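According to Swiss-Prot, the transmembrane segment annotation covers 46-69, 135-158, 175-199, 273-291, 330-353, 369-395, 417-439, 517-535, 575-596, 643-665, 707-727. Among the features that Swiss-Prot reports, [4Fe-4S] cluster binding site is placed at Cys559, Cys568. Residues or ranges marked as chlorophyll a B1 binding site by Swiss-Prot on the basis of sequence analysis: His654. According to Swiss-Prot, the chlorophyll a B3 binding site annotation covers Met662, Tyr670, on the basis of sequence analysis. Here Swiss-Prot flags Trp671 as phylloquinone binding site, drawing on sequence analysis.
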Amino acid sequence: MALRFPRFSQGLAQDPTTRRIWFGIATAHDFESHDDITEERLYQNIFASHFGQLAIIFLWTSGNLFHVAWQGNFEAWVQDPLHVRPIAHAIWDPHFGQPAVEAFTRGGALGPVNIAYSGVYQWWYTIGLRTNEDLYTGALFLLFLSAISLIAGWLHLQPKWKPSVSWFKNAESRLNHHLSGLFGVSSLAWTGHLVHVAIPGSRGEYVRWNNFLDVLPHPEGLGPLFTGQWNLYAQNPDSNSHLFGTSQGSGTAILTLLGGFHPQTQSLWLTDIAHHHLAIAFIFLVAGHMYRTNFGIGHSIKDLLEAHTPPGGRLGRGHKGLYDTINNSIHFQLGLALASLGVITSLVAQHMYSLPAYAFIAQDFTTQAALYTHHQYIAGFIMTGAFAHGAIFFIRDYNPEQNEDNVLARMLDHKEAIISHLSWASLFLGFHTLGLYVHNDVMLAFGTPEKQILIEPIFAQWIQSAHGKTSYGFDVLLSSTNSPAFNAGQSIWLPGWLNAINENSNSLFLTIGPGDFLVHHAIALGLHTTTLILVKGALDARGSKLMPDKKDFGYSFPCDGPGRGGTCDISAWDAFYLAVFWMLNTIGWVTFYWHWKHITLWQGNVSQFNESSTYLMGWLRDYLWVNSSQLINGYNPFGMNSLSVWAWMFLFGHLVWATGFMFLISWRGYWQELIETLAWAHERTPLANLIRWRDKPVALSIVQARLVGLAHFSVGYIFTYAAFLIASTSGKFG
């Protein structure tokens, strides 16, 4: 008999029903569960797949560069970044009628095009690219890297080139190489690019390979570096009248601590950015030489962890046993990596708008909104994934003997206290926040807005004041003209910071009031509830009072049969599944808040947010309804406009989202009956009955249906909001 899918599981391959296909897809990447898997093959497969991942990333970024060079208007945009709409790529669609062709022919293009809201134009411009030829060169280089990555992936699957398990478990060497090589050397290389190419480019000098060695980035060359006069590199920075991309008003400094923003581009000073990357490079190059490998010097991570027993005895045996636990569990390592990456991605979202690094991106409002929303959603999925793999670690890899009375074991020992405290925090936040919103809503409905409960966020305002915001009148730290920090700041460090924080044209430390106070606590409710569900799922993954033997059933199980009540819906997978809904809900509130506050800021009517955000109808009417009006009227009997595609996507997103409920609010027996009926009809219908299938059609399992429902819910939710966000922002600001 020919080998059937899935080849990695002979048991599943012999399943006579359609479960074979769905379950095969579901477990394709769960290498640990495959037939004949060994620890060595597991590590080697994952390692080789990393190269495939890199190849895809390089191919994708190469495609971005290639399509902009081929179909975009980069060179025209460079001449006038504030008024030319950047084109992502052309749209080829024979179904378009003439009104559509006209509506989508924008940005000086000859035919219908998509506008770029990803910020790539601003990024490429800032780092020194100026012509289509530059873009093509970059695309080819990335294509080359993609091919190299594919070859490397293939190579590391060949017997001679397969690394051993001991190589994968050499944590010190890996840390040294990743810290100094990946972060240190790459940051140093990036500093080099900024200093040699980007900064001269911002001053009107075009540096490429042909003149790279002739153009000195600084008039003094390397002299100050070797003579210790490093301060010379910071002298004579670009002036406030500097026109980006020209020599007008430019200076000669390459590494500065100016603070604040370039007045024309509203982005961080390039010389500050170069300085930052140099500092990062230095720190990581040092950090990459900390751990003991071949030479018998440096730290041994195992020794550090074994020695660390916190005083007072409250944490038991501290970190004993953790080194081997982490080093032998891929899920633990992945959980740590995802948790870190998730936080970093969310920080990227926050900092890309508040401290924009790319020239003119702050004035491209739709791009700002798109990038913030994009990074927050990505962060949400990555963070929930961290807890999922944490739970899998507890089920598959955790060894109680190895971790006796250490910090990990003690987390499990007092999980009731952790879970109940989180539950209390969630309940407190939820009832109080909703209570305030509902009270205010009723007061507005009864025509007595003055009876609202409006709480000033005085602690947050005090923190903003401590950083230099003067409008609240707190007179503390950097907002106090008498403080030594304030006086030092004028000359020594970041003199531009205080100007920037008190200028109302950027997003640094926005003025906050009662509306912000309320939505902040709504978001806190979402974060705490999401965390509660995820933490409970992980801490109860091995077992609970209700089901002490839970770990024997694996990560995702529907129930322990009909005869054991209370065992349904309590697998660690179910907790992850429920948490994703809360995660999406929370990020919905986060992005609504960010977007509405910024729309009013950009339009110059901040009072609309301040007045309407304190009650529920304000959010529904003055944010959601007002901003979706153009989408609801995307095309009508009079033709269409450039927002029509978003109007269609808005509808389509709702459709996908609603489809999710068909899988979520439904039971398996209903589908099985329906399938039996359809199969019966199929077999008795002429022509149709010529087509036979080998697998008996069966309904999706409970867990699979939930996954399909969750996927539709998530995708529809994000599509709907993406269309709303882009259309409502670009409709107002072009």
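Including glycine, each Cβ sits where the backbone N, Cα and C put it.
The two recorded residues the residue listed as 'phylloquinone binding site' and the residue listed as 'chlorophyll a B1 binding site' have their Cα atoms spaced 23 Å from each other. Cys568 ([4Fe-4S] cluster binding site) counts 15 other C-beta atoms within 10 Å of its own C-beta, drawing on all protein chains shown.
Cα of Met662 (chlorophyll a B3 binding site) to Cα of the residue listed as 'chlorophyll a B1 binding site': a span of 13 Å. The local packing around Met662 (chlorophyll a B3 binding site), expressed as other Cβ atoms within 10 Å of its Cβ over all shown chains, amounts to 13.
The two recorded residues, Tyr670 (chlorophyll a B3 binding site) and Cys559 ([4Fe-4S] cluster binding site), show a Cα separation of 19 Å.
In this chain, the transmembrane segment (175-199) lies in contact with the transmembrane segment (273-291); the count of Cβ pairs under 8 Å, excluding pairs fewer than 6 apart in sequence, is at least 3.
Calculated from their C-alpha atoms, the gap between Cys568 ([4Fe-4S] cluster binding site) and the residue listed as 'chlorophyll a B1 binding site' amounts to 30 Å. On a Cα basis, Cys559 ([4Fe-4S] cluster binding site) lies 32 Å away from His654 (chlorophyll a B1 binding site). Put plainly, the binding-site residues Tyr670, Trp671 were compared by Cβ crowding within 10 Å, and the winner is Trp671.
Counting only residues at least six positions away in the same chain, the Cβ atoms of Thr567, Cys568, Asp569 sit under 8 Å from the Cβ of Cys559 ([4Fe-4S] cluster binding site). Here the transmembrane segment (575-596) has long-range neighbours at 353, 369, 372-373, 376-377, 380-381, 383-384, 387-388, 391, 516, 519, 522-523, 526-527, 529-530, 533-534, 536-538, 540, 609, 613, 619, 623-624, 706-707, 710, 713-714, 717-718, 721, 725, 728-729, meaning same-chain residues at least 6 beyond its ends whose C-beta is under 8 angstroms from one of its own.
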